[in-house]
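Peer 1: I am attaching a structure below and will ask some questions about it afterwards.
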């Protein structure tokens, strides 16, 4: 513990503030004398509702409607507990970032472990974003059946609207300009628009499902999972990492907390935000599963190429898909920002802040974008990408690290109840994710054999 105390305060903070560089934080505070309650809820909700929402209907299909919805609520409650643990320790120790808290509790290796986890998690999330953009704009054949993309539907299949070309164009024309901003503050308008577009998706999906319910043209969804033998029980666990990934926002909590004048507001902000996101998740999973039943794909957006059996079906399909793809394009730079900052902190822990070094900024940005682009072309399905990041880095950031901090208790804030909860969280996280990783590896191996 002593080792991290020797690092000068300013360097430590510059090096490991996970999301906002110090400069942007100061500016943000001067600009509006402390963030508003609604603004903070909005920012946190943007961090939570990313691409996880697209894989949730497939989780509900696997778990059945009732266990699936209960799991969404359970993971939300566990997330609230783990964020509360982080916030209480940080307030007590007057600490302004997750990385600094890990460094203070476990020394240099604690900080490195957190930064590496954020890098792995965010690379995984951004690959998923790119895969979804490819699925929607140029189609997907990951299940063996081809689902045509929006551009394919409009213009027919061509070389120029094939997956590699479409993703390359998106990378150069959309992501390159957005990720070249040095301050998160510059992205606040795109952030607001991205939430509005996510709501459009939920409203249309719900509307179509309700119309079909009234018409009586939906299948009755299965309430509980179908279990036939041990392998199907193992398979249920693969839904856990997807649910965990859907709630990871921990690396952004400190930057929101730092902008509040009244520190007691962070608890209700987190609760409101998680309540809002859980409602969106439950509504989306319920209505999308109702709409597509057993045909629900790992990326439910790809389902929106079929006839919805309502008037103007193809127009609704296109609106849903295009609005969500634009939403993802706008969330991409926010996740990328944290990724670049943490990777830089890992590679150059003692160098000055990345925003002050153009050469380093450019090299890291271009390298990361290239890796994400190539991975998105070679990884076929978002389920595979989510499984890996969800079962490793996301669980560490969201549950295991906060629980370890509470057990180490460097600031004397944890009660007996906290410690029991912390141990429970670690056991649940480790067991369910080991099973999920085993099951995934088994499924991938099995698919290879079948092929």
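Quick reminder: no glycine exception, Cβ is built from N, Cα and C everywhere.
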Peer 1: When TrEMBL marks a stretch as transmembrane segment, which of 255-273, 274-292 is it?
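Peer 2: It is 274-292 that TrEMBL annotates as transmembrane segment.
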Peer 1: Which residues, given as numbers and ranges, are at least 6 beyond the ends of the transmembrane segment (361-379) yet have a Cβ under 8 Å from it?
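Peer 2: Same-chain contacts beyond the ends: 123, 126-127, 130-131, 134, 163-164, 167-168, 171, 175-176, 179-180, 182, 336, 339-340, 343-344, 347, 354-355, 385.
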Peer 1: Sequence-remote contacts (6 or more beyond its ends) of the transmembrane segment (193-214), Cβ cut-off under 8 Å?
Peer 2: 42, 45-46, 49, 53, 280, 283-284, 287-288, 290-291, 308-310, 316, 319-320, 323-324, 326-327, 330-331
Peer 1: Test the contact criterion for the transmembrane segment (66-87) and the transmembrane segment (322-341): 3 or more CB pairs under 8 Å, pairs 6 or more apart in sequence, then answer yes or no.
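Peer 2: These two stretches do not touch.
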Peer 1: At a Cβ cut-off of 8 Å, and with pairs 6 or more apart in sequence only, do we get at least 3 pairs between the transmembrane segment (322-341) and the transmembrane segment (419-438), yes or no?
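Peer 2: They are not in contact.
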Peer 1: Where, among 164-181, 234-253, 274-292, 385-407, 419-438, do we find the most CB pairs under 8 A to the transmembrane segment (112-132)?
Peer 2: 385-407
